[in-house]
Structures are given as C-alpha cells and as structure tokens.
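Okay, structure first, notes after.
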Amino acid sequence: MASMLLNTVRSCSTSPSWAMRIGKLTTFLFTLARPGVKNIVLVEGVRTPFLLSGTTYADLMPHDLARAALQGLLHRTGLPKDAVDYIIYGTVIQEVKTSNVAREAALGAGFSDKIPAHTVTMACISSNQAMTSAVGLIAAGQCDAVVAGGVEFMSDVPIRHSRKMRKTMLSLNKAKTLGQRLSLIGSIRLAHLSPELPAVAEFSTAETMGHSADRLAAAFGVSRVEQDEFALRSHTLAKKAQDAGLLQDVISFKVPGRDIVSKDNGIRPSSMEQMGKLKAAFVKPHGTVTAANSSFLTDGASAVLVMSEEKALAMGYKPKAYLRDFVYYHMNVLERAGLSMSDIDVFEFHEAFAGQIMANLKAMDSDWFGQTYLGRKSKVGTPPMEKFNLWGGSLSLGHPFGATGCRLVTTVAHRLQKEGGQYGLVAACAAGGQGHAMVIEAYPQ
C-alpha cells in the first residue's frame with residue numbers, strides 16, 4: 001500500500017534552482033509550460049470541515065456534504081453555474097441510494113441537469129482521479145471548466161444482510177402465493193440474521209490497512225516512539241495552522257438541525273506520555289500502530305475548480321496554481337517533469353498512518369532499497385522536514401477517503417502562495433497497491 005509513494009519521488013540528476021525570488025514569490029525565470037500544450041490551472045479549492053465520524057454530520061447523507069462543498073465553491077468563486085462543462089466526484093464506500101453521488105450533489109447544488117456528472121472510485125486517491133480526469137478532459141479540448149471533488153461519509157456506511165438472508169428476501173419478492181411466502185419465511189434461521197459488516201480491508205488479501213501499515217513499519221524498523229512523534233508533529237502543526245487561519249480552504253457549513261460547523265474537529269495535540277498508553281490497534285498485542293498514530297474515520301467533502309488558463313483569465317479569475325505532470329504508481333513524476341527533489345519547495349504527502357510515512361522516509365534514505373527496488377545507484381534521499389506537511393496532514397486534519405486528494409492539492413497551492421515557492425509535490429498511497437503523485441507549479445503573482 002504505502003510503498004507506492006516511493007516511486008513518486010525518485011529524483012533525477014541534480015538540477016539548478018529555476019526560480020528567482022526576492023522576498024516572497026515574484027517572477028520565475030523558468031516554468032514547466034510546454035509549447036503547444038494547454039496550461040491547466042487550479043482556480044479555487046474548498047472543503048467542508050473534516051469531522052470525526054459519528055459527530056455533527058451523523059444524520060446526513062454523502063450527497064449532503066458533497067452538495068455543501070459544491071455550493072461553497074460556487075460562493076467562493078462567484079462561478080456562473082452554466083459555465084461548468086463537467087462535474088466529477090470521487091468516493092470509496094458508496095451509499096447505494098446515491099451511487100452516482102456527483103450527479104445527485106450537482107443537482108442539489110443547483111447545477112443544470114444538462115451538465116454531465118460521474119463518480120469515480122480509486123480508494124484513497126479517488127478525488128485525485130477525479131482531478132486528473134478533469135485535466136484530461138480539458139487537455140483533450142472536450143471541456144474548458146470542470147469541477148472535481150470527493151466525499152466520504154463514515155457515519156452511516158452500508159451494512160448488508162447475510163447472503164443467505166439476501167437470497168431469501170429476493171425469493172420472497174418473487175413469490176406468487178401465500179404458501180410460497182410462508183415457506184420461505186419458515187426457512188429463515190438465526191444464522192441468516194448475522195449482518196456483513198464493512199471493513200477497511202483489501203478484498204484480494206482480506207488484510208486491513210492498519211495491519212498492512214504495522215507490517216510495513218516492522219519491515220523498516222520504525223519504532224512506536226517514532227510513529228507517535230510523527231503523529232504528535234502532525235497534530236501540533238495542524239493546530240498551529242488552524243489557529244493562524246491558514247486552513248483557508250475550509251468553508252462554514254450549517255448542518256440542518258444543528259449548529260454551523262466551521263473547523264475540523266479531529267485536531268487534538270496530546271503528549272507522548274498519553275499516546276504511549278494506547279494499546280496496539282491491529283497487530284495485537286505487540287504491534288506499533290495505534291489509534292493515536294493512525295488517521296481516524298472521517299466525514300467530509302471537497303471540491304476544486306479546474307480550468308484552462310485561457311478560460312480562467314477570460315472569466316476574470318486569478319488562478320492559484322498550474323496543475324502539471326502527474327503519474328499513477330509505477331512512473332517517476334519528478335523525472336517526467338525534469339525536476340529533482342531539491343527543486344520542490346512544498347511537500348504534501350497523505351498520512352494514512354505514521355508508520356506508513358516513516359517507513360517510506362526510511363526507504364527513501366536507504367541505498368539498498370534504491371538499488372534493489374528502484375533500479376538506482378544510490379538512495380533517493382528524503383524530503384526536508386521543514387518543507388513537509390507543515391500545516392498538518394491526514395493524521396490530524398482527518399481523512400475522508402474520497403476527499404483527501406483535493407485537500408492535498410489545494411494545500412500545496414496555498415502553501416506555495418504563502419511561502420513564496422514555485423513547485424510543490426503531492427503524493428498519496430491507496431488500497432490495492434496503488435499511488436498517485438502530481439507536480440504543482442505556483443501561478444505567478
């Protein structure tokens with residue numbers, strides 16, 4: 001699962017710094033723009049507050065959160081609803097009543113029924129896929145403006161009857177006589193009533209993500225202390241960013257029948273002593289992955305407006321960033337873009353588990369791993385921690401599976417503006433042994 005991140009940050013040969021900076025971001029001497037290739041930009045990105053599942057959003061449905069994110073994007077941008085050519089949303093655990101949640105949310109937000117909308121699923125990189133699908137549509141000349149996003153709602157996941165019970169119920173629906181119905185009802189046994197509970201696990205291996213993270217941490221010698229320290233760092237930085245008003249992608253949301261929600265509620269800086277008291281959550285009793293150093297089940301939605309640069313400027317928008325090269329799993333995004341690790345000013349990696357992040361960092365710092373698995377002569381090298389996830393990450397902000405990718409991209413754009421950098425790198429792992437990475441370039445200010 002997590003090792004997919006490694007392929008996204010293999011650095012090519014060292015290249016000179018390409019940006020001239022005076023104080024904050026000014027004019028860049030070189031960009032990743034290519035002759036004859038359409039520039040595609042991130043105009044804006046928003047998200048609902050990410051909340052612990054079972055809290056304030058508990059009585060909603062997924063399309064309610066997605067609709068709120070779409071309405072927030074419309075409000076933030078002043079975008080005419082008929083200016084959008086396509087809407088794409090990502091989600092993982094689907095609500096069966098709204099399987100195409102993109103369409104239901106779009107209609108609820110007031111978009112025209114003439115605007116097509118579809119839903120994608122790719123585990124924890126579902127909204128990454130939504131965004132890159134948007135990029136593809138624009139690059140192909142099919143669209144000029146696409147809204148992409150993602151949503152996850154863990155407060156009310158589908159729980160199925162047992163297969164035997166489902167078969168009986170379907171047969172009951174087809175029964176034509178009272179005798180047939182009574183016979184079927186009489187065949188129901190206590191075992192039929194045992195439900196099939198959902199699990200965050202691989203279908204092919206039946207292994208949960210937490211168990212996989214625990215094995216990964218053990219394989220790379222990541223200690224419990226290292227994981228707890230990284231998790232504490234994430235929560236501390238997220239709290240600092242929240243208090244400083246840096247999480248500007250968060251929109252306020254009036255929850256029907258409840259109060260207005262305006263900030264994430266999973267940010268909880270603790271202490272090493274308190275975190276050390278928790279028991280192993282997956283590999284018991286000696287595992288090192290705990291509730292404190294894992295991302296928590298989260299409800300939330302995100303949305304971004306992606307446009308061709310020409311269209312954005314024609315409509316009077318000032319884009320936040322260019323969306324440049326992206327890859328899925330087996331390719332090298334920095335190599336494709338002609339960049340090295342030293343060219344990246346902002347790193348935003350998805351924090352599924354502290355152990356997953358730390359194992360990747362150890363692998364990237366290993367000559368043996370670089371030679372054995374990456375075909376390199378030496379190690380990749382690790383991102384400088386002073387550039388890495390400085391506003392917190394999934395461990396602290398929360399991780400609605402289908403929505404995290406948009407948060408990562410929007411955060412990179414905002415950090416580049418705030419810190420005066422030129423290039424940012426997003427990377428995320430996903431169930432099924434998959435991963436995604438994207439290079440983002442700051443829009444000149």
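Cβ atoms are placed via backbone N, Cα and C, with glycine included.
Copied over from TrEMBL, here are the features:
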DOMAIN    40-310  domain 'Thiolase N-terminal'
ACT_SITE  C124  active site, acyl-thioester intermediate
DOMAIN    315-441  domain 'Thiolase C-terminal'
ACT_SITE  H399  active site, proton acceptor
ACT_SITE  C429  active site, proton acceptor
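Of the listed active-site residues, namely H399, C429, the sparsest CB environment within 10 A is found at H399. In the predicted structure, the domain 'Thiolase N-terminal' (40-310) carries a mean pLDDT of 96. The residues of the domain 'Thiolase C-terminal' (315-441), classed with DSSP into helix (H, G, I), strand (E, B) and coil, number 49 helix, 33 strand, 45 coil.
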